[in-house]
């Protein structure tokens, strides 16, 4: 593995609270609430308007995506991403801190962390412990929406961090990349249904290894230590010195694998953006495995 200086992928609630208190939130430091919840459960934007980290803007994953794609939350274009984050007051010189309000401590935040990285932005961090621990520790909140001055952001797609359907299909034969699936075990095996999905069976891409993303987090919602994370990869016989593609249902929780590997010193994990949703609808049936109805054991 090539050793290089990696930007801090995590910041603590204490660090962010001190930065907020010191008035540092502005052009040089932007905070994003990247919460998203399944329809019919919680309303992310409504909760943001009720309370959020002072100075934080709402990052709408439903807006910052390729709306023309038939697949879920696919990456927007370079111009689309640049325009969207520029409207949030983010330039190429901004340190971005992302959090979400999920009960696990982190769910969508690593996806937004990866989006910034795939578009060439190095100075981006996830709030370790998320909004859950921000509230638990008694840090300040506000209902006042953030109105940052628009900024200019130049996006440059780093294609090495992104994999397409065609590349993953080719990898089934070449086996150049290890493939790791971050979904819960039942969905990976095909014994439990995909939530909120019509016409989408559960199962996995042939040859992939299962590492459920929630296992990377402690019960308190913090990221596990690099030592613990390395042991988890080793237990699954995932070699962090070799190329790795992460997948899930729609390219969101796969980013937890990229974050965990980054914390272990591996910054080059690629995400299969279309993930299982695209694979199920496009790939030949012999390329996927499911123990459920209609699947191949």
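Note that Cβ sites are derived from N, Cα and C of the backbone, with glycine treated the same way.
Residues or ranges marked as N6-acetyllysine in Swiss-Prot: 14, 136, 163, 175, 224, 236, 237. The domain 'Rhodanese 1' annotation in Swiss-Prot covers 25-143. Under the heading O-linked glycosylation site, Swiss-Prot lists 35. What Swiss-Prot lists as phosphoserine is 38. The annotation N6-succinyllysine is assigned in Swiss-Prot to 136, 175, 224, 237 (among others) on the grounds of similarity to another entry. Taken from Swiss-Prot, the feature region 'Hinge' applies to 144-159. Residues annotated as domain 'Rhodanese 2' in Swiss-Prot, with sequence analysis given as evidence: 173-288. Residues or ranges marked as substrate binding site in Swiss-Prot: 187, 250. As annotated by Swiss-Prot, active site, cysteine persulfide intermediate applies to 248.
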Original post:
Which of these recorded positions has the least crowded Cβ, counting other Cβ atoms within 10 Å: 35, 38?
Top reply: 38
Original post:
Going by C-alpha positions, which of the recorded positions (187, 248, 250) is nearest the residue listed as 'phosphoserine'?
Top reply: 250
Original post:
So what's near the region 'Hinge' (144-159) in sequence-distant terms, Cβ-Cβ under 8 Å and 6+ beyond its ends?
Top reply: 26-27, 30, 49, 54-58, 78-79, 81-82, 85-92, 94, 117-121
Original post:
For the domain 'Rhodanese 1' (25-143), DSSP counts of helix, strand and coil?
Top reply: 34 helix, 19 strand, 66 coil
Subject >> Cβ packing number for residue 14 (N6-acetyllysine), 10 Å threshold >> reply: 12
Original post:
Out of 175, 187, 224, 248, 250, the recorded positions in the record, which is closest to residue 14 (N6-acetyllysine) when you go by Cα distance?
Top reply: 224
**OP:** Just jot down the residues in the same chain as residue 175 (N6-succinyllysine), at least 6 apart in sequence, with C-beta under 8 A of its C-beta; none if empty.
**Re:** 207
Subject >> Composition by DSSP (helix, strand, coil) of residues within the domain 'Rhodanese 2' (173-288) >> reply: 42 helix, 18 strand, 56 coil
**OP:** By CA-CA distance, flag whichever of 136, 163, 250 among the recorded positions is nearest to residue 224 (N6-succinyllysine).
**Re:** 136
Original post:
With every protein chain in view, how many other Cβ atoms are within 10 Å of the Cβ of the residue listed as 'active site, cysteine persulfide intermediate'?
Top reply: 26
Original post:
About how far apart, in whole Å, are the alpha carbons (Cα) of residue 237 (N6-succinyllysine) and residue 250 (substrate binding site)?
Top reply: 24
Original post:
Which has the fewest other CB atoms in a 10 Å radius around its CB: 224, 237, the listed modified residues?
Top reply: 237
Original post:
Closest to residue 35 (O-linked glycosylation site): which of the recorded positions 187, 248, 250, going by Cα position?
Top reply: 250
